[in-house]
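Each remark here refers to the structure printed beneath this line.
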Amino acid sequence: MSQDTLNNPPAATKTMGFDGFAGLPGRMSVHVARVNRLSRLIHGWSWQAYPIGMGTAAVYVCLAGVDPTPSHGLHVVQTIFYFLNIGLFLLNTTTLLLQLLLYPRQAVRLVLDPGKGIFVPLIVLSFATIIIGTVNYTAGGDVNLSPTVIYALFWVYIGFALVVCFPMLMIWFNHPHDLTTFTPAWAFLVFPMMLGGVVASNVLRVLDPADVRALGVLMTGYVFQGLGFFMTLFYVCIYIIRIMTTGFLEGHQASGAFVACGPPGFTALALMNLGESARSILTAQNLVSPMAGEIWYATSVLSALLLFGLAVFFFAFGVLPYWFKLHKRLSEILGCWALTFPNVGWILATRKIGDIFNLESFRIWNLIMTILMCLTWLVLFYFTGLALLRGKIFTASPEETLRDSRLKRPDLEMALAASTQVGLGVVSVMNSEGVRETQVINASSTVTTVHVAEPSTKTQ
């Protein structure tokens, strides 16, 4: 209930004695059940907050791809976004942990919900962006981390991906789903495993090619990249069938079209980087044949070119109808973060192709897309902050927060159950006969009263 409502009760409230409570006889105690903004934020937080951090990571990853030896100013900007990403990751993880402790029913509901549960694996993707950023600083000499620590982080990531993805896949596939509501975002359930090759290619930058551990990372990277790519490719095929039957995605799903760029784009990038590492690792360890490394590299580049074309096609396929299909509502701003991180793969692949074939046009293309990525982040970050301040996102209603609270109040729960509209507040009054009268003031200024017998010796 707002302070204005408390100071100036609705007309229907006054007729029942709420105007100073003069109309209720006997000894009374008044309790107004309030839910502060922080509690509503904790209850309303969701796994869909992780794309904000991933979009932030997309900025510094793209900036790192523009110039391997950046200027001091560009390096400072990358560092700011790197630590901002870490801060967002800690904020999201801590808030969801508090939600689990304070509102366990809501936490379980988010995991089991078929529409919101697909965002659970994004915690793994956010962790991957932190590893990639850490490797960039280690390789650049800014952070003095031993290759052993980076190697350990790689296996932590692989284990984390398996522990999160497989249970979520079991939960999600245990129920039927309507394909007419399909969106490429459903592939998030497999994305962490697909990104295994990208993480592996970054880890190999700090490992000695002659080190036996490098071969394990290389093989694991190829395996997980293949597993993730072909699984997400099946999702992309369903996406094509979906838009054949229903047309382009609309509303909050329109941004999900850009998720289809992720699998081919990231796989193209991973194949080129893994192939480059294979060229030195297989030669240094004298494996397969003297020409094996070169063959792997050439094959990887050829395959990457094919996938790069597919990623660019899906980007164009998503961007052309986007403005006409998108609903311009602040409450749907979180879905727009799909404009950022799924496109990182093919944007970085553009620079890689330019370096391999010495094509200056591809380097310029990469620079233009990186600038657009930064501008997109600025717009999305502003509107996301605005939506949060206005309570359009991550803000549960007081009734939902009270209903899922660990601290049970039978009188409040019965009143909430009796109310069929959004409550403005809950007033609980003890009369002289020891009967608690709990009244819910609704948006329509009506009052629902529930009597709960309690010992008259208790006071609120």
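For all residues, glycine too, the Cβ spot is worked out from N, Cα and C.
All TrEMBL annotations are machine predictions without curation.
Feature list (source: TrEMBL):
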type	residues	note
TRANSMEM	80-103	transmembrane segment
TRANSMEM	115-137	transmembrane segment
TRANSMEM	149-173	transmembrane segment
TRANSMEM	185-204	transmembrane segment
TRANSMEM	224-244	transmembrane segment
TRANSMEM	256-275	transmembrane segment
TRANSMEM	295-323	transmembrane segment
TRANSMEM	330-349	transmembrane segment
TRANSMEM	364-389	transmembrane segment
In contact by Cβ distance (the transmembrane segment (256-275), the transmembrane segment (330-349); 3 or more pairs under 8 Å):
yes
Cβ under 8 Å, sequence separation of at least 6 from the ends of the transmembrane segment (364-389): give me the contacting residues as numbers and ranges.
52, 55-56, 58-59, 62-63, 65-66, 330-331, 333-334, 336-337, 339-340, 343-344, 347-348, 350-351, 354, 395
Highest-contact recorded stretch vs the transmembrane segment (115-137), from 80-103, 185-204, 224-244, 256-275, 295-323, CB pairs under 8 Å:
185-204
